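A.B. asks: If you scroll down you'll find the structure; I have some questions about it.
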């Protein structure tokens, strides 16, 4: 068989693979992505042959290959082709590693024998004589295959499992995984199928397995024609090349070198872009190298999934991470989930960085639209004022002056999501563990110093916080996110912050306790600077089954909200709060400088609470915001102590409040942000003398509201001077409620005319399609009044649970311009333009001054409301309403029967509605107090004659005589006692003033009535 001599020139390269004991694959040293390579068989050498399909090794075949592999793999060499055999496409040559002839090393160790000459002249090594001499020495020394030990040849043949000789069907993948999951297994990579798939000998059993690298996927190498078509069975292998070449049929290929394909022939498919490069990258690092395989799992086709680690000097490198970092593979979630969380997160981070740098497979990558925007150089320090939820806090910036509206900054914790607190206005209850998450932060952060690093902002839907990146809806808001580090941490030992942080990472604290999850950001989305630490904390929480990761249900806490209850219900609850002198409470909200919403854990209720005898400026009055800011800084979300004395007619509990043994009313008075009210009896107020001293101190220093104070005068602000001249309004009564309350519209108000014109100009469309318009509680809509079919602005008070399903679904609406309410079907509602709905309501809530009118549920309450309606609602009468005072305890609430109440004297000509109610016996005059002003006393004296007339004629509430206040007279008697005495029979009634108990009420009868 002819042979052709090649050039005598020497080439340089690096050994890429060692298929057998006498064959090397050498790649060039060019800097191309895939350098050229040659397969060189050492001239004039014959090494023992490795096992082929269904066969066995020749003695010492494995040892021979291993010697050459360990000797040469990955080393720089210089080689020259001595001759070729075209019939088999093989090249034979001499290889030097430094100044050492590789063939000499193999022969001298006894791992190959020397062949004198091939079939043709010239098919011989130039160093044949030296090789023969070294062979003789090896034989004499009995080394390698020339050993003289008995039975050594038999022991040098591997006992191979079926998978190593071409029968992978007998491999028990699940059993192998079960026995070795998570354990490093020693292996030698025999073949690289593509960048993320390798075939490995697992030592020492020599299981030949295919392993898919966990967590990644490299580009496909395409599909070649079936092996039976591409490589005939009689092809000559590397083990055959130095033997005598003949036309005889050769043995099948070895399974360790090539995988015999039994599938039918398929059409060729070209490799994916960067498929060849990814394969070459893997080959240069692991092919014929010792590796560590950690099996992670098995897929549904029984393919082994594992992590592959290869040596690089004294360190071990993760093949998957290297491929992803260099842009040769992408992160695959399904197999990454089999890995440890830390390794999985590293892969994801590496992929993100490769995408940013647009490496290789990401060259044409276009990032998806993102709604996050980085925030740079916005770091500040401050104290935590409020915890809104488990992932949102409000921090008072130390660099901004105290009391400034810009001082408090809302910070959403970056990259985490805590359970939602819900929305009471929409009847949304807190999600499981939402209260616990908020309470966890409250007890650790409130009042403490923190360092804040703002990181990014994001546009979200204002209604529910949903992603608004792809929409241009006006119904969205921008939220700022940052990392918060607690300077003085009170956290427990279970939290493990990153060592490079200055302080405790608050987000990490929440996540590690299982009160929040880490957001899985999309590519190129901004995220927390401590994102890896957050992921590690979440992993610990999941493994420990803490909080929301627990299989247990969250603790249930039923809170009775007395802030929205009726005044009667709050009065009924008063004895429970007076059983114990002092209660521990938490300040949930600061409604005004002197009025708060408190949570009382022991009684599982929330109440509206106000200082006894102390009042701050009302909303929109001078120094109102200063008082609110002071109380937010001092007591918001702090644990306080309260002492309840009574409850007022609006359902607000009155009493004293202490924080750290300090009466907070004194703090307000000392700051000049409140004043004492003379209408309260000082003997009932604890620390009354201290309150007076605090007010006097503020007066002397002319602080805040006392800046214009002149000793001996009651003037304490510009507004007080104006109060001497009472304001009189021309009004029309639009609706009458119980308890002497009613709604009015101001006559001649330009706002009324403007709103009416806007409503008339509206183009009322057909009923909206169900699902396109979903009114929620508190929304301002357009409603068609059932009496005259006119369209008016209305607030949704209540509606069906869930989405609207029918045009007949009922909604309760409150007409904000008139004060009345009714139930309407969905078909009578329309959405309202924000420009119209945002205008203030035209109906003003009023109450008759100086008198007490029974509520609807009280005796004669219904009659009183009907009589007031007769006097005010007929024929659109105009009245003069003199404002005596304002009750601002209801705040700015816009709901029915709530908000600021004007206490008025209502007159029509000479007729006083207040006097008419007294004269008809449907109201009682308020009691005189010794500290009343002269003007008030005069007014009460004038009204007394009207009440006296009703008493004399025994009208309505006076039908049984001079009835004292039920609340004052019989509240001290338990209901059980009332029931007992109500059945008591009075037999000897011979004196005036007997007390009869009936229907749980006490009434006083003169004896002559019996």
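Cβ atoms are placed via backbone N, Cα and C, with glycine included.
Keep in mind that TrEMBL annotations are predicted by a computer and have not been checked by a curator.
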A.B. asks: Quick check on the annotations: TrEMBL lists region 'Disordered' for one of 233-271, 272-310, 311-349, 350-388. Which range is it?
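C.D. replies: Matching range for region 'Disordered': 233-271.
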A.B. asks: May I have the DSSP-based helix, strand and coil counts for the residues of the domain 'Tudor' (774-839)?
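C.D. replies: So the domain 'Tudor' (774-839) is made up of 7 helix, 25 strand, 34 coil.
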A.B. asks: Helix, strand, coil residue numbers for the domain 'TNase-like' (9-148) per DSSP?
C.D. replies: 36 helix, 46 strand, 58 coil
A.B. asks: Limited to the domain 'TNase-like' (581-708), I'd like the whole-number average of pLDDT.
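C.D. replies: That stretch averages a pLDDT of 88.
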